[in-house]
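**Student:** Take a look at this one; I'll ask things after.
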Amino acid sequence: MGVKELWTVLTPHAERKPINELRGKKVAIDLAGWVCESLNVVDYFVHPRHHLKNLFFRTCYLIWEQVTPVFVLEGVAPKLKGQVIAKRNELQFRGVRPKDAATGTQTAAKVDKGRTRFNHVLKQCETLLLSMGIQCVQGPGEAEAYAAFLNKHGLVDGVISQDSDCFAYGAIRVYRNFSVSTQGAQAAAGGAVDIYDMREITSRMDFGQHKIIVMALLCGCDYCPDGIGGIGKDGVLKLFNKYKESEILDRLRNWRAETDKYNALEMRVDDKSICSNCGHIGRTQSHTKSGCSVCRTKRGCDKTLWKEQRLSIKAELILRRKALLAPEFPNEEIISEFLSEPPTIPNLNLGWRQPNLVKFIKQIGHLLQWPEIYCFQKFFPILTRWQVQQAARTNAIGRVELVQPVDIIKKRTVKGVASLELRWQDPSGSFQGLIPDKQISEFELEHPKGIEELYYTVEPLDMLEAAYPDLVASFLKSKEKPPKKATRKKKTDPLSAIENIPETLDKQKANPAKPKRVVKKKKAPTEQAQPSLQQFLRREKIGGTPVKDSLPQMAQLPQQCSTPITKFLPSDLESDCDAVEFDMSDVVNGIISNPNARPTVTRHEGRQLHYEALSDDLSMRLAQLSLRKDELQEEPLPPVAEHKRDLSLVEHLPQSKRLSLDDSFDLLVKGDLKKVPHLIQPIRTPVDRFKHQHRISEHLPQPAVEPAANVSYFFNQSSDNADAFEQLMNSSLGIQEQAEEDEEEEDDLVVISD
């Protein structure tokens, strides 16, 4: 469990690092923490001894990362933890709980069995670790306490633990959330761990071992699971902000001893006659309105004098009042448990010892339920790695190696580390008979190289160079490629060539140079290659092109083409489906032969194809084509054409759009200018535009009358004693009423569908 709420305080200061950050270091591991973590996996079917399997592979991972683990075993549990252990045993071994509860006649020794069952599990783990050559140490009490002690005195570089109690025991560097898996919430590629360094945390926030002990007393820990009721993390942190690390424990002890002092502080904090902002005599409300004479202010007062101090004192008084409700607070046994240390520093040999393959197969194989050949496959690389690391030391001592490298097979790269794959041999026959013949025969059926593959391992290149330099050097030399021979001849010195002219001439006469044979390459024929333009022009003209029998008949027909061509082109008259090769030479000749020739065909189906340039002005042409007004709109226009003409008169449209919709020029060409009234009488005023849009007919022009004096324009233009403006308005209103009546008639219609 550890100290409650401690991880939430320290987690913001943790660093997530890969496990290779621990390379070359010694780390103390709380073995009980790993075992409990494995035993709590009950959500799905797992290995019957999952804790042993998990311990083996985790330890192997640390060995591959060149980390030296030191496992710390549990000692005698403190009496303060007896209640917590009893509750854990009930939860862990509830399936084998005795039927009858313990009676008062039972002795205390029989009831308080301690960790008998758990110690048996730890003993199995110790046997596994000793066979792997890993050191196990047993502390006098809690494992995390002894691991913190080793870290505090520099025997190990850190502690791997999930229990926050190790901080209360004085651990300096703690590794939490150790993970070698690539799945789950704590997954990381290649393994990762959270690093908590108390030296950095203390320098940032003045938070050390003593404050952690106070937090354990107030919030709760393994020795007082409930803590003090009503006190949480926020209240404790406010207390830590007020006092330093070195004085926090003494302040906590004085809560019960200095009663008079805290009673006086409580009276001062609650006194209404003292301002809560500045602490001077006077109510807070009066100081806010009239000011404070001591602070020398006319309005308000100095809040920095008393307000923050009053709040911190009040928070401490609240914590004190709640804590003193517990008669044993502060519990000196808990404080001494966290601060006590072994009297002497042990002289421990924490190095990696030689693994014992035979012991692992004989004692641990049946616990893990692994066959002998599988145990050999998993354990043999551990033995070879230890031998590679300790090769220099063992050679100096003169110890005989169990296995020897035969040769290097190939280069390998493991997680970015240059490595080599080796083949080993057992010269002394130490491992003969460990694997049954039946398992060997089954292995040989699946692996073509046979039992030899069991002796293949992969080791780092730098370790092999230090352990077996001759073997590595010979392998690397065999892999070196010979230098390439220079194929390019060196240039001769011109001076030497001049000096040896006679010899050079003699060599040339003796070995005359053979003339080079020039081979003409034939071009591969291309299928239906497209000829160039010059090839078209070089061909025969019209006489050379194939002509159909129907050509004389077509020649008698009049030409109906607006292109200025003076003669027929036979290739144009042929069908597109003819099998004759497509030839455009006659087309090109027809275009370039006489470009100034006049067309002979000028009309087609009654329409003129070629027009002569207008010598006169366009306005003169319009005047010649102007007709009488009674001939306007003789033929009804299609709705689309009428709509286009209306749009050509809209001013808000751009000029390019109006010009594209205007069909005046087309009508001019056809001679139908009489159908466009706005070309005869252009629109000049908004009134003319309104007349045109609503198709308002005009009266015949009246004979010219001399304008009367003082008469308006519209009255002067009147006819039949009516004003022209009034006639215009009446006609427009009449059109609107007629449109409304048409809409009403359409609404009265009922359409019956099929």
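Each Cβ is built from the backbone N, Cα and C atoms, and glycine gets one as well.
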**Student:** Of the residues Asp197, Asp206, Asp222, Asp226, only one is listed by Swiss-Prot in the Mg(2+) 2 site with Asp163, Asp165. Which is it?
**Tutor:** Asp222
**Student:** Given that Swiss-Prot annotates Glu74, Glu142, Glu144 as Mg(2+) 1-binding, name the residue from Asp30, Asp157 that shares the site.
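**Tutor:** As annotated by Swiss-Prot, Glu74, Glu142, Glu144 share the Mg(2+) 1 site with Asp30, chosen from Asp30, Asp157.
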**Student:** Just how many other Cβ atoms lie inside 10 Å of the Cβ on Asp163 (Mg(2+) 2 binding site)?
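**Tutor:** Around the Cβ of Asp163 (Mg(2+) 2 binding site), 24 other Cβ atoms lie within 10 Å.
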**Student:** State the Cα to Cα distance, in Å, between Asp222 (Mg(2+) 2 binding site) and Glu142 (Mg(2+) 1 binding site), rounded to an integer.
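**Tutor:** Pair distance, Cα basis, whole Å: 11 Å.
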**Student:** Is Asp165 (Mg(2+) 2 binding site) helix, strand or coil when read with DSSP?
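**Tutor:** Its secondary structure by DSSP: helix.
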**Student:** Mind checking how the region 'N-domain' (1-90) divides into helix, strand and coil residues in DSSP?
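**Tutor:** Looking at the region 'N-domain' (1-90) with DSSP, the answer is 48 helix, 15 strand, 27 coil.
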**Student:** List, in sequence order, those binding-site residues among Asp30, Glu74, Glu144 whose Cα sits within 10 Å of the Cα of Asp163 (Mg(2+) 2 binding site).
**Tutor:** Asp30, Glu144
**Student:** How big is the gap, in Å, between the Cα of Glu144 (Mg(2+) 1 binding site) and that of Asp165 (Mg(2+) 2 binding site), rounded to a whole number?
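**Tutor:** It is 7 Å, counting Cα to Cα.
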**Student:** Please report how many Å separate the Cα atom of Asp165 (Mg(2+) 2 binding site) from that of Glu142 (Mg(2+) 1 binding site), as a whole number.
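**Tutor:** Cα of Asp165 (Mg(2+) 2 binding site) to Cα of Glu142 (Mg(2+) 1 binding site) measures 10 Å after rounding.
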**Student:** Cβ within 8 Å of the Mg(2+) 1 site's Cβ centroid: which residues qualify beyond Asp30, Glu74, Glu142, Glu144?
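**Tutor:** The surrounding set, listed in chain order, is Ala32, Gly33, Val72, Gly139, Gly141, Ala143, Ala145, Tyr146, Ala147, Ser161, Asp163, Asp165, Cys166.
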**Student:** Mind tallying the region 'I-domain' (130-226) by DSSP state, helix then strand then coil?
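**Tutor:** Going through the region 'I-domain' (130-226) residue by residue, I get 35 helix, 20 strand, 42 coil.
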